[in-house]
């Protein structure tokens, strides 16, 4: 790329061979030959790219030329993508082939400049030295370094990007004029940025653009660089050494340069396509996140100062035997680890190695660990000696058959008893009963152990789906059997088959009307593929523990059916029934909230029993039509009569107070509105967009920000971070207020017009 620092990146027209035809401009000649490569939707953007390539700006670099070719290739129909080539016959040679594979335009870069050939014409450009340009440019050195570069950058913009580049330049000018240290260029749709930005800028924010690369010669004194949610495929090795914090999450980066900024302390590369890390990462690095990439191995020696390492969701089969000695947080879940290093860092506080294939843990773990997650592995035992500082341990979904003998005597150093979660493991009934007995004793002071009810040692054979359905619909015709047999190829059909068999063993089958209810529901599923898909998904984890989890899953399926009916128009002509359906969903959400409160206060109870217990016991008092009558383990739910009385009162009060606002924002009601009042809906949405796009939204955000009076901190970066967090939170709040106002207004108008507004009055007396 042309180096602005030493040789100014401008060019001059040097020679022309074969006079240009005055009849048809080159860009039109080329376009006439390749217009068929592009759909009507992409024609304008493709034409702009061709115009650029036929007459590149003076500051054109190989990277910029390549980006235009990449853009054309992306816009073209797949059948013509290979007619647009770059790096052809060399890193800096680009060309376009006609439909019959004849070269009609080429651009070749060399050390002296570049040559454009097309339509029998050849134009060569050479670079101009900085002194040559300076002699012809008016203004100060600042004008050359900034205004000239920025104006050329704006001129190069594709049509749809030009206005946003102008906006970016205005922001840079504002920073330059007012000596601001933060430059925010996010959500502008930028495909490039100028290499030169105001030198006082220390924080550069480029999030949510369309950048495919960063400048090779990015200048300035940047300390913080954010370029999340772009289309970056690589990182230049020449980024300023001043950078201390860099976030490049949600891009397409495949590899890192061997050299990163030497001052780098924090690097976040979440959700990219990186397969390996450089051996020599910056020694100043303290925070490293490569969560959700494709990394197979880590460097043997990571920087010794790293305190937080996140390598979650990669393809690691092992961790380095020697990890940074000061490491406090290690997140390595969702990999293919089979073991951990024999010796872990002595100051480790958080260790997450969930969703791996680990069969055994080190017998001695660092005593400083407060949070340990080893769930979803292949462990058969837990260590006898747990870390002294342990506050919570998640070991669900392993192959544990016993608990450490020392567990009841473990005393953690924390203010609360340690919580050890071992749900969905194949414990024997004796192990569960012994743990229950120990924890129920008056003088027990050990950890709180939580596991799911039910016998995990029983292996249930999953029948073909059509056979499971026949258990409920005994009079099925052969045609119906074949229909359900065809459904067996659908995703999660086997899970639903197992669910149906298990449902037949629940307490609810004692009631004849329950079987009729399920039979009618199954006939509905046979006719509705979308509802069937939703129900099959819910069935995925329905049979992993006890009978009551199956019943709870059935409740969730009935709730999903109710919502599905509302969204698909079943209540469009029956708004009274829709409002009653909404009231039931509201009550169920309130029950879930209260159940979560109860679970937090319990010592040793399966949360399934608490959730189902409230639903089951409040079925009649709250008129819950989708709930079943019975459950098996209510006696161990920990729910008291006073809990039920309090829950009933709180839910009824909440419904009288809040249902009006809740219903206005309910998604299924919005679907109904779009169908029964399309004009009013469009007007309301237009009004909502206007609130956001005009000054009203930002003015309200600014007013609340000003009321907060965020004090200046001695740490300017910290003040900026607090300011940004506050602005984000206020923006969400203002948006929720706008939604509530507009959706409530349209709801009241439509219900009044339909003469059912009285149904929104307080329900409970």
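In case you wondered, yes, glycine gets a Cβ from its N, Cα and C as well.
As given in Swiss-Prot:
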- 1-451: region 'Interaction with target proteins' (REGION)
- 221-242: repeat 'LRR 2' (REPEAT)
- 243-262: repeat 'LRR 3' (REPEAT)
- 263-284: repeat 'LRR 4' (REPEAT)
- 285-305: repeat 'LRR 5' (REPEAT)
- 390-410: repeat 'LRR 10' (REPEAT)
- 452-461: region 'Linker' (REGION)
- 462-765: region 'E3 ubiquitin-protein ligase catalytic domain' (REGION)
- 546: active site, glycyl thioester intermediate (ACT_SITE)
So what's the mean pLDDT when you look at the region 'Interaction with target proteins' (1-451)?
84
Counts of helix, strand and coil residues, the repeat 'LRR 10' (390-410), according to DSSP:
3 helix, 3 strand, 15 coil
Composition by DSSP (helix, strand, coil) of residues within the repeat 'LRR 3' (243-262):
0 helix, 3 strand, 17 coil
What is the number of residues in the repeat 'LRR 2' (221-242) that are helix, strand and coil, as DSSP sees it?
0 helix, 3 strand, 19 coil
DSSP residue counts for the repeat 'LRR 4' (263-284), split into helix, strand and coil:
0 helix, 3 strand, 19 coil
What is the number of residues in the repeat 'LRR 5' (285-305) that are helix, strand and coil, as DSSP sees it?
0 helix, 3 strand, 18 coil
